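Taken from Swiss-Prot, the feature [4Fe-4S] cluster binding site covers 56, 57, 121, 151.
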């Protein structure tokens, strides 16, 4: 295998041997991987989203499901129930009266769960930032993974946010968050 001096030669030899074995098996049509990599790959390609459309951003969110953008080609399918959803898209102005309902729906989602905050109102209160009845960002109620800016953001911006979420899942994994 490899010639190396030092205390960690066994680990280096194992890595070299694993790489050689993987090359030999790939030629025969096999693949070596870990269970965590397979789970991350499957979760990344089959995210189920739930809408929490509160205002005009929800119209742009609907555009992503239409044939022109077709977000389902990325494995991002809509679900009606929070118990079947991995991702919640908060789109629009979140009021103080609606905040407990948002938290309740978030708590019903299974782990790992992700939140996309869509639009200026969901990100930080937007146009209604100084109103007495508006929550100044949904991140005060639920943890947000991806922020999509704009008033309202375009469907392309939401698609980019979805792709960034998939990239984040690939990078961080899903078993231990």
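For all residues, glycine too, the Cβ spot is worked out from N, Cα and C.
Projection of Swiss-Prot feature records onto the structure.
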| residue | record | DSSP class |
| --- | --- | --- |
| 56 | [4Fe-4S] cluster binding site | coil |
| 121 | [4Fe-4S] cluster binding site | helix |
| 151 | [4Fe-4S] cluster binding site | coil |
**Message:** Name them in sequence order: residues not among 56, 57, 121, 151 whose Cβ is within 8 Å of the mean position of the Cβ atoms defining the [4Fe-4S] cluster site.
**Reply:** 55, 91, 92, 93, 118, 119, 120, 122, 126, 150, 152, 153
**Complete:** Using a 10 Å radius on the Cβ of residue 151 ([4Fe-4S] cluster binding site), the other Cβ atoms enclosed count 12
**Item:** C-beta crowding around residue 56 ([4Fe-4S] cluster binding site), within 10 angstroms
**Value:** 15
**Fill in**
residue 57 ([4Fe-4S] cluster binding site) has its Cβ surrounded, within 10 angstroms, by a count of other Cβ atoms equal to 27
**Request:** Under 8 Å Cβ to Cβ from residue 121 ([4Fe-4S] cluster binding site), same chain, six or more residues apart: give me those in sequence order, or none if nothing qualifies.
**Result:** 54, 55, 57, 92, 93, 94, 127, 128, 134, 151
